[in-house]
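Enquirer: Here it is: the structure, laid out below.
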Amino acid sequence: MEGKEEDVRVGANKFPERQPIGTSAQTDKDYKEPPPAPLFEPGELTSWSFYRAGIAEFIATFLFLYITVLTVMGVKRAPNMCASVGIQGIAWAFGGMIFALVYCTAGISGGHINPAVTFGLFLARKLSLTRAVFYIVMQCLGAICGAGVVKGFQPNPYQTLGGGANTVAHGYTKGSGLGAEIIGTFVLVYTVFSATDAKRSARDSHVPILAPLPIGFAVFLVHLATIPITGTGINPARSLGAAIIYNKDHAWDDHWIFWVGPFIGAALAALYHQLVIRAIPFKSRT
């Protein structure tokens with residue numbers, strides 16, 4: 001049939017997808033694969049929506065650092081875990097803020113709030129290099145300002161309680177920390193791809209509405225697993241903002257892990273989604 005996509009036999013499922021039971025799914029011919037974003041799009045630089053999206057990323061990352069760093073400090077300030085929200089509360093703070101902020105900014109900037117997410121989506125050609133670089137810069141600036149405001153409000157506690165800076169915990173190797181960051185970011189970015197997949201959005205009308213929920217829940221679960229190892233980075237802007245404002249030697253010793261790990265995890269998630277889940281390189285039109 002003209003215009004219908006079919007998966008080739010090599011490397012992809014050759015059988016057509018069936019409409020899920022109980023959904024108002026569209027047929028295959030109702031769905032069109034969106035074209036890849038151009039590498040450079042000079043027209044973006046003259047568009048207000050481009051700068052509005054960057055501002056949204058800045059404010060979202062600012063609020064993210066403000067709430068989460070305060071939560072981390074509150075837990076560390078308590079005499080014991082039972083006297084505070086504990087690790088579970090920290091995980092809920094991170095996951096809950098991502099849920100709220102993605103919901104608020106998804107229609108403006110896509111709700112990345114994380115350079116690793118932006119990097120993964122760029123590799124999948126979901127946004128241009130121009131926009132990706134702009135987002136990452138604004139996310140980092142927002143994170144620095146968010147942590148800076150916390151320190152401005154509570155300068156002494158901020159320094160004595162660690163400022164929310166990410167470090168590899170005692171008893172764990174750098175390799176363990178790097179692995180935790182890679183896999184944790186893979187979980188997050190894979191969830192982002194699945195929750196925002198254009199084909200699922202066309203097939204299941206409820207998917208875009210629910211997208212912030214699984215993304216926030218993925219952040220929550222990853223934090224539960226990796227807070228004891230690295231304090232959970234999976235977001236280079238979050239790690240950078242806290243490290244710059246805290247600015248102690250041990251906060252910089254392993255800082256490279258919180259950039260290399262998330263970027264590797266994001267790249268693997270992008271490859272897995274594009275090559276395996278969607279099998280885009282193996283598809284042909286007849």
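Every residue, even glycine, has its Cβ placed from backbone N, Cα and C.
Note: TrEMBL annotation is automatic and uncurated.
Since this is a predicted model, take the numbers as computed values, not measurements.
Okay, so TrEMBL annotates it like this:
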- 1-34: region 'Disordered' (REGION)
- 50-73: transmembrane segment (TRANSMEM)
- 85-112: transmembrane segment (TRANSMEM)
- 132-150: transmembrane segment (TRANSMEM)
- 209-229: transmembrane segment (TRANSMEM)
- 256-277: transmembrane segment (TRANSMEM)
Enquirer: Select the range from 50-73, 85-112, 209-229, 256-277 that forms the most Cβ-Cβ pairs under 8 Å with the transmembrane segment (132-150).
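Expert: Ranking 50-73, 85-112, 209-229, 256-277 by Cβ pairs under 8 Å to the transmembrane segment (132-150) puts 50-73 first.
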Enquirer: Same-chain Cβ contacts of the transmembrane segment (50-73) under 8 Å, 6 or more residues past its ends?
Expert: 44, 85, 89-90, 93-94, 97-98, 101, 104-105, 108-113, 131, 134-135, 137-143, 145-147, 149-150, 154, 157-158, 161-164, 231, 237-238, 241-242
Enquirer: Near the transmembrane segment (256-277), which residues from the same chain, at least 6 beyond its ends, have a CB less than 8 A from one of its CBs?
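Expert: Cβ under 8 Å, 6 or more out: 11, 114-117, 119-121, 123-124, 166, 168, 174, 177-186, 188-190, 192-194, 197, 230, 233-236, 239-240.
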